[in-house]
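Listed features, source TrEMBL:
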DOMAIN    40-287  domain 'G-protein coupled receptors family 1 profile'
TRANSMEM  24-47  transmembrane segment
TRANSMEM  59-77  transmembrane segment
TRANSMEM  97-119  transmembrane segment
TRANSMEM  199-221  transmembrane segment
TRANSMEM  241-260  transmembrane segment
TRANSMEM  272-289  transmembrane segment
Amino acid sequence: GTSNDSEVTNFILVGFRVRPELHILLFLVFLLVYAMGLLGNVGMMAIIKTDSWLNTPMYFFLGNLSFIDLFYSSVIAPKAMINFWSESKSISFAGCVTQLFLFALFIVTEGFLLAAMAYDRFIAICNPLLYSVQMSTRLCSQLVAGSYFTDCISSIIHTNKTFTLFFHAFWAMDHFYCNDHPLQRVSCSDLYIHKMVSFFLCSIIVLPTIIVIIVSYMYIVSTVLKTCSTEGSKKAFSTCSSHVGVVSVLCGAVFFMYLAPDRFYELNKVSSLCYTLVTPMLNLLIYSLRTKDVKEALRNILEKKII
């Protein structure tokens, strides 16, 4: 009872194992969180685009972060909400390939952007006199373009390797979207090479990203403690607090998903929900509520509209 990927026509997404009457509640939760993230991230991009005071490297990266949050949640949420009302709960093979590829692309690109933002804060605090020279518009554009290009290559390799696996005749995935772990669980192939490829990609992409963030903040903390007064230290750390909050939320959810034992698979789905829907909304709230420049820009836009 096995079949290779060329014969697969669709997969079944089991979703959350709850009573049918709770599907309406889950649908409303998904809809509310997704709508808030959608409207908020579009609003954030519009504010950054229209306010000239936000024409800085930090907000250039933040605008791209909002763009990524908007699209990777859109890869997951609409299909999940449709399946709450669908009896078949199926996703086509092509749809599953597309979902896995785009999600892998956007989630890893977000990590690269967070690393670029950590480097930006490092230059701003540790080398403030050279900030405008080192963080030029050209360099920022190259960092973003390089992130997309590198992650596109890695996503192609990862997706291709995943869908060359052999799958069981019953292709029901115990998840609400096409992800690597659920696909491995319905595969009857030897996963050794697949896991080695995934480990290699993580080693050359994810690990350097984490190292850049950690090293940047080690230098930031060291510089602030050596050169700043108490008031200066508070001001310096406040400029990094939003970024630290976003990194903590994303890394916490991803690490929990990959480190949680398989027997807690429903918790795995909850952690996946956190970084596919909740994290894009939290990123927006963290930056909009904790960043004075964003609040001031929003206030100016509203005052102009009222006038």
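Glycine is no exception: its Cβ is also placed from the backbone N, Cα and C atoms.
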Best-contacting stretch, by C-beta pairs under 8 Å, relative to the transmembrane segment (59-77) and drawn from 24-47, 97-119, 199-221, 272-289:
97-119
Residue list, the transmembrane segment (272-289) vs rest of chain: Cβ under 8 Å, 6 or more residues beyond ends.
30, 33-34, 36-37, 40-41, 44, 62, 65-66, 69-70, 72-73, 76-77, 103, 107, 175-177, 179, 242, 245-246, 249-250, 253-254, 257, 295, 298
So which residues does the transmembrane segment (199-221) touch in its own chain, when a touch means Cβ under 8 Å and the partner is 6 or more beyond its ends?
108, 111-112, 114-115, 118-119, 121-122, 125-126, 150-151, 154, 157-158, 236, 240, 244, 247, 251
Please work out the mean pLDDT for the residues of the domain 'G-protein coupled receptors family 1 profile' (40-287).
82
